[in-house]
Amino acid sequence: MLPSMMVARPDPQTTSSSSHRGLLIVMTGASGVGKGTLRERWLAGQDVFYSTSWTTREARPGERDGVDYVFVTPEVFLEKVRQNGFLEHAQFVGNHYGTPTEPIEAALARGQDVVLEIEVEGAMQVKERMGEEAVLVFIMPPSLTELRRRLTGRATETPERIEKRLQRARDEIMAAHAFRYVIVNDDLDRAVRELQAVQRAEHARQRPETEWTAEDRAAVQLAETVRSTVLTTEDLQRIVNS
């Protein structure tokens, strides 16, 4: 990590341009890790298509239908599955989640970056379907103790369901090398800078290196520090045991 390095925000001319297909950035991680807050800060002011997932779970206090999720009945969701209308879909803690395909393909084709915030199982489906086009970013908790505190603080889950989420989080953390990037969300400002760097670096790599600006090179340098390959199995085990 290089918390002192400043990276310019992605240029709107590179994040929404018809000359290149847009980036497909998939943000995933354990429930309670802070994906929503991080995503809002990262994407503020950007012309990025944020895909709103469908779900069959009940809305939490403050969540808005069509903004945070599209809340549907199981019957409506399963009909969409039968129509092959999801890029990915998964069942998590008894509820269905899915990402509709058509709006994503349309945004990518017009050169607009697309961001998905989805469950890990769904992220792996996107990786299988889209290959290297999908830029997978795993958001890591600083520790399991901190993740437990965040989940408990929600006051929306039973103790049994929290334990299920924590066990799943352990498994997901140990599989972090399946993702291209891993960002530890222990400092919101730093995590936002790292996401901005990843986005700019991936755009830079679509062009010859001779065309890179100084800001592009700084972004590539910072993005390399959050590659999943930087983490050892021992690093992941320490977080799981913490």
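A Cβ is built for glycine as well, from the same backbone N, Cα and C atoms used for every other residue.
According to Swiss-Prot, the domain 'Guanylate kinase-like' annotation covers 22-200, on the basis of sequence analysis.
Taking Cβ-Cβ distances under 8 Å and a sequence gap of 6 or more within the same chain, the neighbours of G32 (ATP binding site) are P141, L147, R150, L151, R154, R165. Among the features that Swiss-Prot reports, ATP binding site is placed at G29, A30, S31, G32, V33, G34, K35, G36.
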**OP:** Restricting to the domain 'Guanylate kinase-like' (22-200), report the mean pLDDT as a whole number.
**Re:** 92
Original post:
Counting only other Cβ atoms and using a 10 Å cut-off, which of the binding-site residues G29, G34, G36 scores lowest?
Top reply: G36
Original post:
Under a criterion of Cβ-Cβ distance under 8 Å and sequence separation of at least 6, what residues of the same chain contact A30 (ATP binding site)?
Top reply: V120, I139, P141, L147, R165, R168, A169, E172, I173
